[in-house]
Amino acid sequence: MDEKPTTRKGSGFCSLRYALALIMHFSNFTMITQRVSLSIAIIAMVNSTQHQDPANASTEGPVMDLLSNQSRGIKDFSTRAAVYQWSTETQGIIFSSISYGIILTLIPSGYLAGIFGAKQILGAGLLISSLLTLFTPLAADFGVILVIVIRTVQGMAQGMAWTGQFTIWAKWAPPLERSKLTSIAGSGAAFGSFIILCVGGLISQALGWPFIFYIFGSIGCVCCVLWFTVIYDDPMHHPCISVREKEHITSSVAQQSSSPRRSVPIKAMVRCLPLWAIFMGFFSHFWLCTIIITYLPTYISTVLHVNIRDSGVLSSLPFIAASSCTILGGQMADFLLSRNLLSLITVRKLFSSLGLLLPSLCAVALPFVTSSYIATIVLLILIPGTSNLCDSGFIINTLDVAPRYASFLMGISRGFGLTAGIISSTTTGFLISQDSESGWRNVFFLSAAVNMFGLIFYLIFGQAEIQSWAKERTLTRL
């Protein structure tokens, strides 16, 4: 794909498109904190004794010693919140319900965002998710069934909010700035994971577990106000954009029409190997990422024998690394493109290779360094950090090959990713239940193998040119 080096015109971090990227960063931050809130709160929701156990309180680790006196003094507040008798099986159903909800709306919401406008679809999803977060403590009082229903609907709302972002970027992001803008927006999820893991437990101890939902649900409502105020579907209709920036964006994306359409070329998509390369990349990427997100606290606790409070802080460190690598990767990718140092497909394959190969090497090395506390933590930080370099690779490749259908295809891509996450979580649970030491080794070896499969497939079939079926056709009637 040939692109004119016009990035300097109308560019700059003070431009409106970067403000949109920050709002999307905030919205992704909000959604991930709302999604993970229950994972933090449920420890207090179902356990009436652990947070009061003197033995647990007296076991200090290397990270949280300075907070020990404060945490002991404020524990009594958490006893005011209700405690529920939910079995581990019931908790598993509650956790998985939001993922099933996301899968239900990923594809249709991406399609509808392309037709009716991403601003309304995404904004509605964010608002619904925030309101349901606020009502989660009340729902818990009415019974576990209502909690499962709310989490499922919340997942459907978040599915609406995740995929439609690419419809906006197809119209707002100049080709030579796509990696940078999407990485700024996408890093909000990693930063949100870092924050919720850091402060979630402290909020529960200080104020009670319901305030985890109240605080992050309220933050989501504030984000909705910013969303509906600042976000517009395209630069042509934004009242605050400068003429210079508008001309820069419209001229940059002129060759990649993303106009609304009423039909989707499903057959052509199914036969398109470059799309399957993207799907396999998502499958591989989400396989290992889901294991890290879901089982990282468990791994740190069981392998390193770290107490719960230290485990929460240590579990948050990889996500600040992931957020940083996402932004740095986007900056580096666009630098290589703007200087014409590498072609677009070379950049996509380079960052995909780094994002799949490096975490695989770290995962394979993990079972051999368990005797070293520092080495284990460093590798655990590097896995999600290097993995997020994929955000400048196949993650945004749909904007290159089919910008008109970017949200629809992003929905399918995330569907592959969530499917991989469900399979990997189930497989991990089975493997570590048989034998902890060999089980973890097999988990990491299998994850590396899946990553290598996705990488090889993408390197062979990945492309960065607009596909023929994704181009807007002009019909001439005789």
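Including glycine, each Cβ sits where the backbone N, Cα and C put it.
Positions annotated as N-linked glycosylation site by Swiss-Prot, on the basis of sequence analysis: ASN28 (among others). In the three-state DSSP assignment, the secondary structure recorded for ASN28 (N-linked glycosylation site) is helix. Long-range Cβ proximity for ASN28 (N-linked glycosylation site), meaning a same-chain Cβ under 8 A and a gap of 6 or more residues, is found for ALA185, GLY186, SER187, GLY188, ALA189, GLY192.
Under the heading N-linked glycosylation site, Swiss-Prot lists ASN47 (among others).
Look at Swiss-Prot and you will find ASN56 (among others) tagged as N-linked glycosylation site.
Per Swiss-Prot, the feature N-linked glycosylation site maps to ASN69 (among others); the stated evidence is sequence analysis.
The transmembrane segment annotation in Swiss-Prot covers 98-118 (among others), and the record cites sequence analysis as its basis. Residues 35, 125, 151-160, 162-168, 233, 258, 260-262, 264, 404-412, 414-415, 418-419, 421-422 of the same chain lie 6 or more positions beyond the ends of the transmembrane segment (98-118) yet place their CB under 8 Å from a CB of it.
If you look up Swiss-Prot, you'll see 130-150 (among others) marked as transmembrane segment. Using a Cβ-Cβ cut-off under 8 Å and counting only residues 6 or more beyond its ends in the same chain, the transmembrane segment (130-150) has close neighbours at 30, 34, 37-38, 45, 81-82, 84, 86, 90, 93-94, 97, 157, 209-210, 213-214, 216-221, 223-224.
Below 8 angstroms of C-beta separation, residues 18, 21-22, 24-33, 36-37, 40-41, 43, 67, 71, 165, 169, 211-212, 215-216, 293, 308-309, 312-313, 315-317, 319-320, 322-324, 326-327, 329-331, 333, 384, 388, 391-392, 395 of the same chain, each at least six residues beyond the ends of the transmembrane segment (183-203), sit close to that stretch. Annotation comment: Swiss-Prot describes 183-203 (among others) as transmembrane segment, evidence class sequence analysis.
For 211-231 (among others), the entry in Swiss-Prot reads transmembrane segment.
Taken from Swiss-Prot, the feature transmembrane segment covers 273-293 (among others), and the record attributes it to sequence analysis. Remote same-chain residues near the transmembrane segment (273-293) are listed as 193, 318, 352, 355-356, 359-360, 363, 380, 383-384, 387, 390, 393-395, 397-398, 401-402, 409, 412-414, 416-421, 423-425, 428, 443, 447, 450-451, 453-455, 457-458, 460-463, 467 (criterion: CB distance under 8 Å, separation of at least six residues from the stretch ends).
Residues or ranges marked as transmembrane segment by Swiss-Prot: 317-337 (among others). Among residues of the same chain six or more beyond the transmembrane segment (317-337), those with a C-beta under 8 A of the stretch's C-beta atoms are 3, 7, 175-184, 186-188, 190-191, 193-194, 197, 292, 296, 344, 347, 351, 354-355, 377, 380-389, 391-392.
Residues or ranges marked as transmembrane segment in Swiss-Prot: 341-361 (among others). Distant neighbours of the transmembrane segment (341-361): 1, 3, 175, 179, 281, 284-285, 288, 329, 333, 335, 382-384, 386-394, 397, 400, 447-448, 451-452, 454-455, 458-459, 462-465; these residues of the same chain sit at least 6 beyond its ends, with a Cβ under 8 Å from one of its Cβ atoms.
Annotated transmembrane segment per Swiss-Prot: 363-383 (among others), in sequence order, evidence recorded as sequence analysis.
Annotation source Swiss-Prot lists transmembrane segment at 405-425 (among others).
The transmembrane segment annotation in Swiss-Prot covers 442-462 (among others). Non-local neighbours of the transmembrane segment (442-462) in the same chain are 273-274, 276-278, 280-281, 283-285, 287-288, 291, 345, 348-349, 352-353, 356-357, 359-361, 363-364, 366-367, 393-394, 397, 420, 424, 427-428, 431-432; each lies 6+ residues outside the stretch with a CB under 8 Å from one of its CB atoms.
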